[in-house]
Amino acid sequence: MSKKSLASLSSADISGKRALVRVDFNVPVDDQGKITDDTRIRAALPTIQDLTQKGAKVILASHFGRPKGVDDKLRLTPVAKRLSELLGQEVIKTDDSIGDEVAAKVAALQNGQVLLLENVRFYPEEEKNDAEFAKKLAANADFYVNDAFGTAHRAHASTEGVTKFLSPSVAGYLVEKELQYLQNAIENPQRPLAAIIGGSKVSSKIGVIETLLEKCDKLIIGGGMIFTFYKARGLSVGKSLVEEDKLELAKSLEAKAKERGVALLLPTDVVLADNFAPDANSQTVSIENIPDGWMGLDIGPDSVKFFQEALADTKTVIWNGPMGVFEFDKFAAGTEAIAHTLAEIGKTGTTTIIGGGDSVAAVEKVGLADQMSHISTGGGASLELLEGKVLPGIAALDDA
């Protein structure tokens, strides 16, 4: 899926032209509306700065939250302010994403100026990928850049619909980097390739586990979903989370791994709690000895050693999903140990890819984000790409 990228456009191609850039500025904010983490805004800077330096007029479009119609609490005003600080130049803000006010402000733009449209999801037509709305969004621009990997798995007006009206339609630097790392890891990895899949439910990770069984040399499973595998093996799991309707699936995944010669590794010990709370009583036991009335909330120290040994000779590692309930400090050790392990093996040339979602938060929590080869900005989009699915927002871009 090789796509035309912004890097292929020179100053001569785009100077004075109006660029509609889809970014993902869906950042977390506190009760006062202050941004608590600007990672997503900073992630878009290389694309925005390249466009301004090449003399384009930059029009940014993003969603923010899940508004039902216009919602003053979900306006992009704090984002415009933060982006202005990061760019060191004024970011012009509109109160709408289409219409006369937008057209007038775009017409007044000088080369190298940046304008941020209001939250595109104020219009229900955005998520319906309405062609008329897409046409209105596109009307103010000459070409299109998609740098919002986090929404690339959605066929919305600002991610897919606008490409029908704007040419060229290219990938921004963030999207290009995501595709390069995630697709390479699946299609052409340095081996041995290991995947670490965590999270609470097998059901949400079935697709990715099945695809990775075709590609991986080792598959490490952690998080709440391990108990469905244990129960399928006939072990007692106390009151741990189990998806009863997925027991047969767990058996078939283990059988499939065996058949394909893939090492499917489950934890050997677990940290138990007497209830689901940050201050619960805890004990560590082997997986054969889980007593009634207790639930597993993390992997144990022996499992950490077992996984570290399995990862020692790998050349590529993809990690998606935590090993336990890392939001509770008492049950965060397993997840944090995996983060430290990846940072260590990364120093000796192993490519370490953090595939979006909670594992990103975990790596950031322990301050190791800058020691990973690549941290994906997309949760659902990363998973779907790892599953081998076509992402509509990427498919719609011009081929390289």
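Yeah, the Cβs are placed from backbone N, Cα and C, and that goes for glycine too.
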Inset, instruction - Among Arg18, Arg40, indicate the single residue that Swiss-Prot lists for the substrate site containing Asp24, Phe25, Asn26, His63, Phe64, Gly65, Arg66, Arg121, Arg154. - result: Arg40
Inset, instruction - Inside 10 Å of the Cβ of Glu327 (ATP binding site), count up the other Cβ atoms and send me the figure. - result: 14
Inset, instruction - Counting Cβ neighbours within 10 Å across all chains shown, tell me which of the binding-site residues Asp24, Asp358 comes out on top. - result: Asp24
Legend entry - Whole-number Å value of the largest CA-CA distance among Asp24, Phe25, Asn26, Arg40, His63, Phe64, Gly65, Arg66, Arg121, Arg154, listed as substrate-binding: 18
Legend entry - Of Asn26, Ser359 (the binding-site residues), the residue whose Cβ has the fewest other Cβ atoms within 10 Å: Asn26
Inset, instruction - Identify, in sequence order, the residues in the chain of Arg121 (substrate binding site) that are 6 or more apart from it along the sequence and have a CB within less than 8 Å of its CB; answer 'none' if there are none. - result: His63, Phe64, Gly65, Arg66, Pro67, Leu74, Glu127
Legend entry - Rounded inter-Cα distance in Å - Gly357 (ATP binding site), Asn26 (substrate binding site): 14
Legend entry - Spatial separation of Asn26 (substrate binding site) from Lys205 (ATP binding site) - C-alpha basis, Å: 24
